[in-house]
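Going by Swiss-Prot, these are the annotated features:
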- 358-392: compositional bias 'Low complexity' (COMPBIAS)
- 17-314: region '13 X 22 AA approximate tandem repeats' (REGION)
- 343-401: region 'Disordered' (REGION)
- 17-38: repeat '1' (REPEAT)
- 44-65: repeat '2' (REPEAT)
- 66-87: repeat '3' (REPEAT)
- 99-120: repeat '4' (REPEAT)
- 121-142: repeat '5' (REPEAT)
- 165-186: repeat '7' (REPEAT)
- 187-208: repeat '8' (REPEAT)
- 209-230: repeat '9' (REPEAT)
- 231-252: repeat '10' (REPEAT)
- 253-270: repeat '11' (REPEAT)
- 271-292: repeat '12' (REPEAT)
- 293-314: repeat '13' (REPEAT)
- 1-4: signal peptide (SIGNAL)
Amino acid sequence: GARAEVSADQVATVMWDYFSQLSSNAKEAVEHLQKSELTQQLNALFQDKLGEVNTYAGDLQKKLVPFATELHERLAKDSKKLKEEIRKELEEVRARLLPHANEVSQKIGENVRELQQRLEPYTDQLRTQVNTQTEQLRRQLTPYAQRMERVLRENADSLQTSLRPHADQLKAKIDQNVEELKGRLTPYADEFKVKIDQTVEELRRSLAPYAQDAQEKLNHQLEGLAFQMKKNAEELKARISASAEELRQRLAPLAEDMRGNLRGNTEGLQKSLAELGGHLDRHVEEFRLRVEPYGENFNKALVQQMEQLRQKLGPHAGDVEGHLSFLEKDLRDKVNSFFSTFKEKESQDNTLSLPEPEQQQEQQQEQEQQQEQQEEQQQQEQQQEQEQQQEQVQMLAPLES
């Protein structure tokens, strides 16, 4: 089966959340850093995601914790320095753009409008899908409640036998539909990421003529913007997924209660069944109302981030805490790199040392192949011998006559 894993993204999120909690601008991060606390949080993540630790996870955990602690300390120390670097970078970019302040502001404004136009169809589709999928979920589940009520009326004498399959089917249907729901809704976040890349690239091209020799520094600022915007897309995906799981957790006990009530009296079961349809409807509707605005809120957040960039690059920028997103990007890049290296090394090690049963199997296969080759070689040698003997017989035949 598929191996449960702790991802680079989950580890980076734990680290960044902890880093952010220490101080809003990480000034006092070094003083407050508690190695043991970060270690506990990472260990808790492994425990939560994997339950019992397998060899792979144990090895990863052993190597990851010292790496994470060291990276955390470095980030805390680099924070002040990076803040100063970003401030200088912004000053230089602003100085280059200042003579064209109105045009730059106008170009960013045009990009904001283009971004909204790009995202609008997807936001509408997401909203439509939320409504369609929740309606479908309701249509799929309601008949089970009605069917069970009918079975109750018709088979009062043999309730357990008659109703249990329906209760089991309801549980399976809930799981299946929630998975389908997630499968339909979460891909929108990836579509949004593609649109973000297009928008930022167009913005880079439209601002390039004004940046002159500060082009590289402007590109760096735009990388920071793209990172923040894509992070929003990831959060949207996580939020949809979490809401779908929450819906499953609210619906699943309804099926469990039905199965439990089969052992009780008919009156209690009748009451539960009468309420089942209403409960299903209510939970599905709550999910719809909660998730429906997600797309629109996501759009607003992206527009706000573009507006913040316009402010940062404008003549009246003020003091902006712009370095933290770069710090987070650096952290996530380093954690991703650590995971890639670890997985690469693990796959190399696996080819060298397979688990015992696999090793034995491989050895057995090798032995069988060697045996086959030996037998083949023997047959060839025998054949050659026979051919040589026949040749000798043919050569001697004229002499004998």
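Glycine residues also receive a Cβ, built from the backbone N, Cα and C atoms like all the rest.
Within the chain carrying the repeat '12' (271-292), a Cβ under 8 angstroms from the stretch's Cβ atoms is held by residues 127, 130-131, 134, 137-138, 141-142, 145-146, 148-149, 152, 185, 240, 243-244, 246-247, 250-251, 254, 257-258, 261, all 6 or more beyond its ends. Here the repeat '5' (121-142) does not lie next to the repeat '9' (209-230) in space: the count of CB pairs under 8 Å, restricted to residues six or more apart, is fewer than 3. Within the chain carrying the repeat '9' (209-230), a Cβ under 8 angstroms from the stretch's Cβ atoms is held by residues 89-90, 92-93, 95-97, 100, 103-104, 193, 196-197, 200, 203, 302, 305-306, 309, 312-313, 322, 325-326, 328-329, all 6 or more beyond its ends. 187-208 is the stretch from 165-186, 187-208, 231-252 with the greatest number of Cβ pairs below 8 Å to the repeat '4' (99-120). Looking at 66-87, 231-252, 293-314, the range that has the most CB pairs within less than 8 A of the repeat '8' (187-208) turns out to be 231-252. Across the range of the repeat '9' (209-230), the DSSP-based residue counts are 22 helix, 0 strand, 0 coil. Per DSSP, the secondary structure of the repeat '5' (121-142) breaks down as 22 helix, 0 strand, 0 coil.
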